Each structure stands twice: as structure tokens, then as C-alpha cells.
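Report on the following structure.
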Amino acid sequence: MDWTIASFNVNGLRARLGILGDWLAHNQPDAVCLQETKVQDQDFPRQAVEELGYHVAFHGQKSYNGVAILSKRPADEHGHGFGELWDDDQARLLWAKLDGLWVINVYAPQGRDPSDPAFAYKLEFFRRLRAWLEARFSPGEALVCCGDFNVAPQDIDLHDPVKLAGQVGCHPDERAAYANVLDWGLEDVFRRLHPAQKQFTFWDYRLRGALSRDLGWRIDHILASAGLAPACGQCLVDMAPRRLEKPSDHTPILARFSR
């Protein structure tokens, strides 16, 4: 079975439908996980998405957060949230089973500042994610967990690791919490294939010339289970959508699996 799985923080789905549609038409992934859709469920543009040739599952809230999984085939099953493990009212987790492949879409909290309660919530989110994976899945299953994790795992994932040291997004506590999720049995397939490549997925709107000067962060990741990661033959970051007019501040990532 071959799968092409993508992830894209669209930073507002309705504002990015044109960019998303063109990208899907060109790349034809089997499934794409979207983060920051920023639309409550009753207003989700289902028809517009389905006209792109995809089935869709979504979990959203007004103005903030929101996740969706678009797939060429309908999901065998899907759901959202951590269930009984954590009653979290933020729309950050969505999962689906697609032809024997579990696809988990994550939009992790940003964290604001290490002194802010939002930072503690971020660490708790990662703890709950690890516990949820342990309760529901096995690392031997075919599973992809992808999305915007809001963590640059290593210094190579930062444009200026000295200047940014200790900030939210690369704080040691965040990195440890994120690494604990991977220790369940996940592998970053981009890093598996490109151990020394400096490549970013996010460039802040607020930083003048961030894209042209490549002042970015790699915080969007495709993680594969131990049983699936060796089947990943390609993982790439597509810069083209970030260079378009009125883009997201993130750009898509894509991985191809064959087993």
C-alpha cells in the first residue's frame, strides 16, 4: 500500500482555499491534515472542500484553532479529542482511519511565554497526547501523527539558535515534552531522511523579511510509527505556497510511504 500524507497549517481555511486547492491539484496527496482552520463546525466550507475532490472530517471553533483531515477516500472511522483521558475544549486533535492507516492531526498550543499558564497547558497537552497514544494505539501499527507541534526539536530547526535559546518553541521543557511523545514509538521522517538539512516550515509575518532572509522555524512535523517510518521514501517541505500572495505563515510538508 502506498500513501502520500501532507500537513499544512493554513492559518484560516476560508482565506486559504484558493492556495490549498491549487496545491492539492498539483500534489494529489491521499490525505492532508490542516491546522488553524479557524472556523466553527456549522460554518465549515464542506462543499468547497469536497469540490476539490476530497472527503473531509473536521473539528473546529470560532476564530481560533481548528483541525481537519481531507482524504481521497472516506474514513473508515474518525473522531476528535482525547476522549475520557482529557476533557479539553480546544479544537486541537483529530484522527481518522484510512485504508488501514491511522492518521492523527495535531495542532499543539503555542505556549506564549514560559511564565504564562498557556505554557503549562502546552506541556500538559503533550503529556496527554503521549498517554492517549499509549491507550489507543501500538507503535507496530501503520500510523502517522502530523501537524503543527509548535516545537523546534533541535537547534538545526531554528534560524538563530543562540538568539532564540530558551524562548517558547524551543524551550528545554517543551523539547523534553515533545521528545516524550516520540519516545512512545514515533519518528520524525523528515529528520530520518535529512539528518543534517536546515529547512524551515514557518516564517513569522511580524518579522520583516523573514521569508526572504529565511528566518524561520521547523515546527511542523510528520511523525510515523516505528512500524511505518522505514517505509517513508520521501519527505519534503514545499516552499511554493509560502511565496504566494496572501499566504499562510506556514507552508505544507509532505511524506510518501510505500510498504
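Including glycine, each Cβ sits where the backbone N, Cα and C put it.
When the candidates Asn9, Asn180 are compared with the Mg(2+) site entry in TrEMBL, which names Glu36, Asp148, Asn150, Asp249, His250, the shared residue is Asn9. Considering only the recorded positions Asn9, Asp148, Asp249, the residue whose Cα is spatially closest to the Cα of Asp220 (site 'Important for catalytic activity') is Asp148. When Cβ neighbours within 10 Å are tallied across all protein chains shown, the highest count among the binding-site residues Asn9, Asn150 belongs to Asn9. Proximity of Glu36 (Mg(2+) binding site) to non-local residues of its own chain (separation of 6 or more, Cβ distance below 8 Å) is seen for Asn9, Val10, Asn11, Gly12, Asn65, Gly66, Tyr107, Asp148, Ser248, given in sequence order. Ranking the recorded positions Asp148, Asp220, Asp249 by C-beta neighbours within 10 Å puts Asp148 at the top. In the predicted model, the domain 'Endonuclease/exonuclease/phosphatase' (6-250) has a mean pLDDT of 98. Around His250 (active site, proton acceptor), a 10 Å sphere centred on its CB holds 25 further CB atoms from the protein chains shown.
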